[in-house]
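The structure appears below as structure tokens.
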Amino acid sequence: LSSQKKFDEIKKANQAAAKKLVEDQFSSSSEDDDEDAEVKQGKILDKTFNIYTSQTDGDASELERTRQYMNEAFQSGAMTCLICIASVKRNQAVWSCCGCFCIFHLVCIQKWAKDSLFLVSSPLTDDDFGKKDYPWPCPKCRFEYKRSETPSRYYCYCGKVENPTLDPWLVPHSCGQICEREFKPSCGHKCLLLCHPGPCPPCPKMVTTTCHCRKAKPVPRRCSTKEWSCRLPCGRMLLCGQHACENSCHAGDCQPCPRVSKQRCICGRQTTERLCASPQWQCGQVCGKPLPCGNHTCEQVCHAGPCGDCPRSGKRSCPCEKSKFTLPCTEDVPTCGDSCDKVLECGIHKCSQRCHRGPCEICRQEVEKQCRCGKHTKRMPCHKPYMCETKCTKIRDCQKHQCRRKCCSGNCPPCDQVCGRTLGCRNHKCPSGCHRGSCNPCPETVDVKCNCGKTVIKVPCGRERTIKPPKCKQLCSKPPTCHHSTQEKHYCHFGRCPPCRQSCQKTLACGHLCPVSCHDEALVKQTGLHQSAGPWEQPAEPAFIQTALPCPPCEVPVPVECLGQHEISPLPCHSANPYSCKRFCGQLLDCQNHTCMKECHHVTKLNTSADGKKAGPECLQCEEECTKPRPSGCPHRCVLPCHPGDCPSCLQMLKIKCHCKLSILYIECLKLTCADSKEKELLISCKNQCPKELPCGHRCKEICHSGSCPLNCSQKVKLRCLCKRLKKEIQCSKIEEGQVSLECDALCKEMKRKASEIKEAEAKAAIEEEKRRQQAELEAFENRLKGRRKNKRRKDEVEVEQSSWQKYKNLIMLPVFGVAVVMV
């Protein structure tokens, strides 16, 4: 149970740590400034400014200051609490000053206000405490807030929502609603941006207003710039009452009149040219006019109006002001003779001299004086101060140092030493006088620059060690560390430049340029530098060194011809050597008929060879028979082996049949192959009559010939009529052509008619005979059905009586056929 409890506790602690880590990573101070964050930030800014820019037709020039505050809210580490010198994160409660719009942690500003009020009210007595509402100042701009305005809750920038929720698609610490704070100076309109840090931009509303001098017609203008000048002369009467204002239309009162005019002084004695704007001036002379007494003159410097009565007229007092006398102005007031009794400078004793003119003497009475600290007394003249040598040991208001002032009265002055404590920035010491409580934040700002120094951001002193340097859009100006004259363009950065990715372009041994990326500063893993002492020693991480690698083999494709010059293929330059393409050599052998069948190989060119395709000594020797085509009709092979040029003439005899295929002839092959068509026709002919039969059935009358026989048969043949009775001798070819025909005469027709009658009579007799036969069969069948069952196996013989035609047909037909034969 105890182990399970410990496991649960550790699990909860790990989950809490993971949750805190996620929140820290999600805070504005730890966001990564990558391209996706910049795109997201741009979308949020556009959403915040959308309503405002719709009023200004897309003009966002007045939003630059607000945009700067919002960029700082997004930028990592830009928002810094000046009290604790720590980053302000998204998920932390904050408070914004309404004077300088600086953002502080809510806890820090509450502690600051409490300490400030305590320091102001600590010198007060118990009777005075709480009677006056002392303010507390902003740590940055010293804007004063009342005690009741001490922040106690976390609000968004516009103050509408308490504890605004954390939304990654809103400005940090914003509620996402419309700001609606009144513009400063107040114009009656409200801010149109979404809840935002920093001051509200100028009012974008359109109003109709006239110029300063009210001469021009009212025109529509932006509310923030509704005060405008028509550039016409002002024309208002100046204070001098003589001239009008010649300046162009302007705001406020007119300037003093710049013209010069002749003006008298106050007393009117002198006249001089002076600015019209200052008509009253004194000439510096004593008035000198006689007073009403007639004895004295006015001693006032140049003045206006009457000089007044003589100052020595009327009742006048003696120097001690105890007695009064009425005397003419020409006489001086005498002393009264009484004691002066004026209080001396000591404030205790009176002047013991008689009434006198001039100041009283110093107090010379001896008194017992007490020093300021009240510890010692001494008799001494009253006009001399008495201070003892005892040093005050009270602690001053800083609660650190003693007063150490000689003979201190107890009201010790504030500590005159410098505080000198190290501020939260860890760079400066507090320059204020020695004080109680925490020191004010360091007022200094530090410029955080990029590597080239062209991009600068100001951060509170002390944050320069933790804030990321700004992203600079200038190109890096460091000289290249490789062999290239110029390095690849990239933005300004700290540390080493990224590895050069330009093409190497070094000239290789083959003459080509190296096309791979620059390898002058390649990281190479070192191996075998450290041998472990035993299996218990952990393997060390591999060490990498930066070194220049040699250029790789040249991969530029170079056209290379194969050994047998059959093809040209692109090969890498480093392996561009003659190669075998695996084809047959194909070089023409000495026989001039065949080609070399060896695999592609080198062929030595002979000087005597004019043809580049002729075989060399490395090629095969032809060992085949001659395969050249023979003359048409020659069935014999060449008697020579495979040879160049034409084959010799064939001298062999050909055994061949004649055209009619009946006789066998022996003819020289040379004569037959060299003869033309007519000569071949005569050579192959056996000179006998053609045995072929014509289509008409007669034998061809021509001598042995080739091809088909002629169709014009000249033999005489007999032509008969259709009934074969008439006949006539005619040439066979005419009968084939259908030119001649033999028609039957009247006798032929008569014989034909009689023959047809005989056929009809025979047909009728055959029909009757068939009927009788069928009747006889019917009767025989009926007789068998009547009871001749005992004689079933006996054959029924039916005697059929012959007709007259069957009896006498032979006797009739024989004479008829005989007559017909005779007629034919």
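Each residue, glycine too, has its Cβ placed from N, Cα and C.
As stated in TrEMBL, the feature coiled coil covers range 744-791 out of the listed 120-167, 360-407, 744-791.
Within the same chain, residues 82-83, 85, 112, 115, 118-119, 122, 139-140, 396-401, 414-419, 460-463 sit at least 6 positions outside the domain 'NF-X1-type' (425-444) and bring their C-beta atoms closer than 8 Å to a C-beta of that stretch. Restricting the average to the coiled coil (744-791) gives a pLDDT of 82. Only residues 6 or more beyond the boundaries of the domain 'NF-X1-type' (373-394), in the same chain, are considered here, and those with a CB under 8 A from a CB of the stretch are 344-346, 348-349, 362-367, 402-410, 412. Secondary structure counts, DSSP: the domain 'NF-X1-type' (346-365) has 0 helix, 2 strand, 18 coil.
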